[in-house]
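Undergrad: For reference, the structure I am asking about is given below.
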Amino acid sequence: MIELSKCVHYFKGDPLEELTLSSPCLPPLQPSRTHKVFFRCDSNPVKPPVPYPDDYQDKWNGLFVRMPCSPESVYPVYNGGANSLISRWVVIEKALRNKIKSSDELKEAILSYNYRFKSYWNFKTLEQLCMLNLIPDGGNDNFFGNTLSGICSLALNLPIFVTKPIPLLSCRKECSLTLSQLQIASLLANALFCTFPRRNCHSQDAEYVNFPQINFSHLLSAKSDSKYNTSRILHVKIEKLRCILHYFHRVLQKFPTGSVTFTRRCLGNLAPDWSRSKLTFDQLRLHVNATGSITDAGPNTLQVDFANSYLGGGVLNSGCVQEEIMFALRPELLVSCLFVERLGFDETLIIEGAEQYSVGSGYADDFCWTGDFNHSDSGMKRDKWGRWNYAVVAMDATKYSNPMEQYNVEEMLRELNKAYCGFTDELFPERKLPPVVATGNWGCGAFRGDIELKCT
């Protein structure tokens, strides 16, 4: 039997350590028309950044995230023989300030401000997780005794932590948002408790039909389609939920002090004329390795998320392939589902600095949460903006029902331009991306892409 530590890892091309030696030079962090920063740029780097502005501001319209703490968010109640509208945030506060001691009580709390979904959300994932005592970091006793109250506090402090309206990164809107990790934790705590208004309806005429799912209702529940499907779906959802609950445990142990930047890119009329390109593959430096994974690539890398056009894909449902696993291990990526509209054919999303909190094993039906991960222990460092020094590029490949279509010129140009939009520094020359792209068989597998054609 060969010990793993003594195995020789063979690769072709250049050593990865040589490719990642350099890192981009950042300008000072400051807000602009196309870069919204949600905290004071002069914050103490060893403490969580101070939210900016000081007092909560609200914008209740189709250009911004509709916040659960908005005064405009109301909820119908039946009182004294008549219906009336009250502040939904007041109902949420009442539900989450009470001591919650079981999965049934948590279910009751969430449904108290989502009553219309009582017949649709069965919370089977949550119930099974608790019944099997699979909650990480101390099991049910520690979760309901300590952790859950901390998550409730994170959620209820939303109007203190996130004081500036969050613009939607809509289709064709090139813009960056930089949030502190603590602000992201507060937003995700609200997503866990399903507080975001107008985000539970998925009909074709719904306001957010072109946005990913953000409330965790589907992850907490599981449909009973068949015995096999129910078992498979429950396992996958439980393991992803374990990743997310471990994330909250870590955040509550010590509030994170960094930040994460989300940038929507649109290529538009900047697509290159590929027929005039003089570049050849022998001009590129490559590192090819059959072992490891994209997320193992380390610092100063641009790691490719084999994305769905709806960010996160099925991460908050039953999906569990490359993108979903990446989002589960790095839950700060999930907040992009709140404000990033479906990607267009020439658009990508860059996420810089999201922290990894967990490690997992397996893939798809076999995925399991296996434990804690600490970026600082892996040699990763923060940049001048407080972000971990690597980035993720979310780029959706074309899914082919007929694989022969991918050899059409138009289809190849679409994929080339999508990759160019994700990798080039021409779109934001003042903020260069990491020098190394870490990728794999993008758009292959279930999307039926040709590995040799894609060559990425």
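The chain as shown is numbered from 1 upward.
Cβ from N, Cα, C; glycine included.
In case it's useful when we look at the structure, here is the feature table from TrEMBL:
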ACT_SITE  D305  active site
ACT_SITE  E323  active site
ACT_SITE  E324  active site
BINDING   N308, Q322, Y363  substrate binding site
DOMAIN    140-264  domain 'PARG helical'
DOMAIN    272-455  domain 'PARG catalytic Macro'
Undergrad: Provide, as an integer number of angstrom, the distance between the C-alpha atoms of E323 (active site) and D305 (active site).
TA: 6
Undergrad: Return the residues near Y363 (substrate binding site) by Cβ distance under 8 Å, restricted to its own chain and a separation of at least 6 in sequence.
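TA: Non-local contacts for Y363 (substrate binding site): C320, V321, I325.
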Undergrad: With the substrate site defined by the record as N308, Q322, Y363, how many Å span the farthest pair of C-alpha atoms?
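TA: 17 Å is the greatest Cα spacing among the residues binding substrate.
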Undergrad: Helix, strand, coil: count each for the residues of the domain 'PARG helical' (140-264), based on DSSP.
TA: 64 helix, 14 strand, 47 coil
Undergrad: What is the interatomic distance between the Cα atoms of E324 (active site) and D305 (active site), given in whole Å?
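TA: Just about 9 Å between their Cα atoms.
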Undergrad: Look up N308 (substrate binding site) in the DSSP assignment and reduce it to helix, strand or coil.
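TA: The three-state answer is coil.
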Undergrad: According to DSSP, which kind of secondary structure is Y363 (substrate binding site) found in, if we only use helix, strand and coil?
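TA: DSSP call for Y363 (substrate binding site): coil, neither helix nor strand.
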Undergrad: If you count Cβ atoms within 10 Å of each one, which of the active-site residues D305, E323, E324 comes out on top?
TA: D305
Undergrad: Quick one: pull the CA-CA distance for D305 (active site) versus Q322 (substrate binding site), whole Å only.
TA: 7
